[in-house]
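Trainee: Below is one structure. I have some questions about it.
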Amino acid sequence: MAWPAPAATGADVRAVSTVGDGGLADRLLAVGNGGAATKQKSAVEGKYWVPAGEAERQAATECGGEDARPLLFRKYKLRGSILHPYRALIFVRLIAVLLFFVWRIRHNKSNVMWFWTLSVAGDAWFGFSWLLNQLPKFNPIKSIPDLCALKLHYDLPDGTSKLPGIDVFITTADPINEPILYTMNSILSILATDYPVDRLACYVSDDSGALILYEALVEVAKFATLWVPFCHKHCIEPRAPESYFELVVPLRTGRASEEFVNDYKRLQMDYDDFKMRLNKLSDTIHKRSDVYNRTRTPEGDAQATWMANGMRWPGTWIDPTENHRKGDHTGIVKVVNGSEVDANRNPSFNTTDVCLPMLVYVSREKNPNYDHNKKAGALNALLRVSALLSNAQFIINFDCDHYINNSQALRAAVCFMLDQREGDYTAFVQFPQRFNNVDPTDRYGNHNRVFFDGTMLALNGLQGPSYLGTGCMFRRIALYGIDPPHCRPGNITAESNKYGNSTPLIDSVSKAIKQERSTTPPPLDDTFVTEMEMVVTASYDNGTDWGKGVGYIYDIATEDIVTGFRIHGQGWRTMYCTMEHDAFCGTAPINLTERLHQIVRWSGGSLEMFFSHNNPLVGGQRLQLLQRVSYLNMTVYPVTSLFILLYALCPVMWLVPDEIHIQRPFTRYVVYLLIIILMIHLIGWLEIKWAGVTWMDYWRNEQFFMIGSTSAYPIAVLHMAKRLLTKKGIHFRVTSKQTNSNTDDKFADLYEMQWTPMLIPTVFVLVANVGAIGVAMGKAVVYMGVWTVPKKVHAALGLLFNVWIMVLLYPFALAIMGRWAKRPIILVVLLPAVFLVFGVIYVAFHILLGSIIPI
């Protein structure tokens with residue numbers, strides 16, 4: 001293997017990066033406030049962005065603010081040379097769409113009028129949904145955190161810090177579909193992040209109640225005593241060991257290369273041992289439990305699961321029984337660690353930090369008589385437990401497969417929360433989602449950069465981005481349903497009918513409003529442990545505002561979007577934080593079926609929100625108009641798929657002997673349609689310029705939207721119709737992130753086709769278009785001599801549409817090929833052969849049956 005090479009010297013080498021055409025670099029990481037920042041000004045601005053609000057910034061700098069807090073981020077707006085053409089194109093296309101719609105109404109001529117009526121309705125909806133998507137992007141704003149200013153004002157010379165506390169939440173539901181190794185790497189990256197150890201706590205929610213998760217945390221706490229000092233000593237990135245050791249030349253800063261290599265070798269061996277212990281946990285627990293069950297359990301009793309200390313595990317048992325099976329077990333809260341590192345165990349690190357952040361295991365009570373409210377219920381349980389233990393001012397949550405990729409990420413989010421201009425009014429800071437297991441071509445659009453780097457970034461110019469479920473730092477009181485300062489009454493009293501009957505919890509809410517936190521955990525005596533277990537009982541939410549006006553919202557498949565909507569509706573603003581060195585990375589479901597199941601849940605939850613009291617048209621009293629438009633677009637977009645599916649099935653008309661046209665005159669209709677479509681892509685070209693995405697990202701977004709529009713989105717609409725009739729919502733299905741263990745191919749799942757009924761419409765659309773092209777070739781052979789020029793033009797225009805659909809469904813065609821898709825050139829050879837077969841079949845049928853049935 002290649003040993004780590006020395007990196008550039010300097011503690012902030014991560015911040016020194018090149019400015020690309022499409023985005024801003026994180027040069028402010030290496031720049032202080034005031035004059036130092038000015039020196040790097042030209043590097044920060046980039047090609048498309050210029051500073052915004054400099055007069056406001058200058059005034060704030062001069063007065064210092066009422067509380068003398070610093071300015072901790074910079075705003076940037078689009079240059080006029082790209083913003084003005086962008087806005088002009090949006091306006092011109094809006095006029096073009098209106099004129100096109102009027103033209104269609106005036107020329108209401110078609111072979112099939114019912115189909116013409118549906119197509120006009122579809123065109124009207126396309127124009128409306130495009131406008132909903134486009135209007136919120138009218139004023140993109142980019143915000144860059146100033147980490148050096150944060151360090152200057154909040155890190156003290158004696159090594160202590162004035163930074164606020166942060167509680168980190170990780171949620172996991174299934175140790176099989178969500179591999180333990182992913183979860184443990186996420187936790188290790190949190191424990192090793194660059195944030196004061198006494199102001200950081202990590203809470204892990206295990207909805208399975210399995211002992212294996214708790215004992216894995218114990219192993220993590222042991223390995224962290226080596227890993228965390230190694231990370232701090234050598235300033236390595238990323239700080240998730242699995243990702244770090246996969247690097248050919250791991251990134252680091254430091255000077256003693258020989259010392260680093262020795263430490264690296266040792267840590268790599270220790271990490272291999274750590275993974276072996278994790279892999280053996282299941283067998284270890286079973287063997288230990290078998291021994292204890294034989295010696296301590298009366299014959300005939302249920303086979304319990306036993307902990308290493310000889311105590312029965314209160315969660316899920318090996319032999320499931322009442323109150324001890326998955327979905328029916330008692331609540332558990334255990335503080336795993338918060339102790340000092342044993343210096344004798346790691347003598348080479350004894351000059352570095354010797355403490356670890358507090359690590360807490362939580363498994364809320366499960367009872368089949370109660371609705372557990374999926375992920376939102378788990379997050380609210382963590383919110384209550386953390387309030388009792390640490391009560392940090394800020395909270396950030398991660399999915400179990402996401403890890404901190406940039407150790408400065410938590411500090412970057414805090415920059416927005418503490419800034420003197422907008423900090424007190426900022427409810428949460430959302431980071432884009434990044435994935436490190438996606439195939440190089442991103443076949444199924446997993447990166448979704450058009451959304452993360454375009455749509456979400458543009459919302460910075462309004463009230464801010466929506467909550468995206470992971471990688472989001474909240475202000476605790478915003479989750480508690482407290483209004484922002486400018487809308488808040490003078491005295492706020494925490495009441496039991498709102499927060500529950502736990503007196504310590506109600507006291508913690510009052511302290512949170514005053515921005516107080518616990519610097520050290522309270523004594524973990526039996527009374528306090530009982531109190532923590534009480535706030536995670538299945539019945540605790542009953543009769544309270546939890547899941548309604550407090551915490552994460554219940555009764556919807558996508559708790560994230562509606563929670564963000566509730567917070568925006570109270571008048572809070574939010575911020576979007578992008579970093580040149582990505583803040584967080586996760587794992588995406590690269591198998592098409594798992595990806596589509598994920599899309600069904602997201603889109604179905606969006607529709608549920610529209611048909612609830614959180615409808616953007618009527619909810620959220622303090623929402624800005626364009627912010628309301630943005631939420632409306634997020635809730636109704638799946639409906640577009642019904643009209644796309646209608647158009648995608650048009651090729652079956654090739655099987656009809658006579659010409660059938662959606663609109664007459666057909667040639668002019670297609671020309672108008674092409675102009676409107678071209679204008680969409682011109683606007684998209686400008687968007688990818690200022691968003692910093694590539695044409696490949698844009699194109700993958702278009703392709704997967706077509707795949708989703710013929711499969712997942714229509715299913716979501718059907719689910720919504722079912723909910724309206726039966727009151728049963730979207731079934732929550734944990735997305736499997738488990739990879740194929742029988743192969744060394746990192747992207748093996750990409751080539752595994754798992755058939756499901758939702759794929760039937762997509763298959764039909766693909767076959768219809770392939771067949772249409774083949775039949776068109778056959779008709780050309782049969783009728784070319786008698787077709788008029790207009791008919792030939794109409795046929796060519798129809799084929800153009802067929803080919804366009806085929807190109808958009810190209811990734812789906814590869815999915816059908818399975819492992820053959822490793823050589824996409826096969827599809828290039830196969831498709832013409834299929835076209836030829838359909839053409840020959842048509843000619844044969846025409847010769848045999850042409851005199852009987854007109855074909």
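Note: Cβ is positioned from N, Cα and C throughout, glycine not excepted.
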Trainee: Which one of these stretches, 380-398, 703-721, shows up in TrEMBL as transmembrane segment?
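Mentor: My reading of TrEMBL: the transmembrane segment range is 703-721.
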Trainee: Considering only the recorded stretches 86-105, 112-132, 703-721, 763-787, 825-849, state which has the highest number of Cβ pairs under 8 Å to the transmembrane segment (669-688).
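Mentor: By Cβ pairs under 8 Å, 86-105 leads among 86-105, 112-132, 703-721, 763-787, 825-849.
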Trainee: What same-chain residues lie close to the transmembrane segment (825-849): Cβ under 8 Å, and 6 or more beyond its ends?
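Mentor: Same-chain contacts beyond the flanks: 770-771, 773-775, 777-779, 781-782, 806, 810, 813-814, 817, 855.
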Trainee: Find the longest CA to CA distance in the recorded UDP-alpha-D-glucose-binding set GLU178, ASP207, LYS374; express it in Å as a whole number.
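Mentor: Those residues reach a largest Cα separation of 15 Å.
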Trainee: Across all the protein chains here, work out how many other Cβ atoms are within 10 Å of the Cβ of GLU178 (UDP-alpha-D-glucose binding site).
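Mentor: Other Cβ atoms within 10 Å of GLU178 (UDP-alpha-D-glucose binding site): 22.
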Trainee: Determine the most Cβ-crowded residue among the binding-site residues LYS374, LYS375, using a 10 Å radius around each Cβ and all protein chains in the structure.
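Mentor: For the binding-site residues LYS374, LYS375, the Cβ with the most other Cβ atoms within 10 Å is LYS375.
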Trainee: How far is it from LYS375 (Mn(2+) binding site) to GLU178 (UDP-alpha-D-glucose binding site), counting Cα to Cα, in Å?
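Mentor: Spelling it out, the Cα of LYS375 (Mn(2+) binding site) and the Cα of GLU178 (UDP-alpha-D-glucose binding site) are 14 Å apart.
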Trainee: Can you tell me which recorded positions out of GLU178, LYS374, ASP399, ASP560 are within 10 A of ASP207 (active site) by Cα, answering none if there aren't any?
Mentor: LYS374
Trainee: Using a 10 Å cut-off, grab the number of neighbouring Cβ atoms around the Cβ of ASP560 (active site), all chains included.
Mentor: 23
Trainee: What Cα-Cα separation, expressed in whole Å, is found between LYS374 (UDP-alpha-D-glucose binding site) and ASP399 (Mn(2+) binding site)?
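Mentor: So the alpha carbons of LYS374 (UDP-alpha-D-glucose binding site) and ASP399 (Mn(2+) binding site) sit roughly 13 Å from each other.
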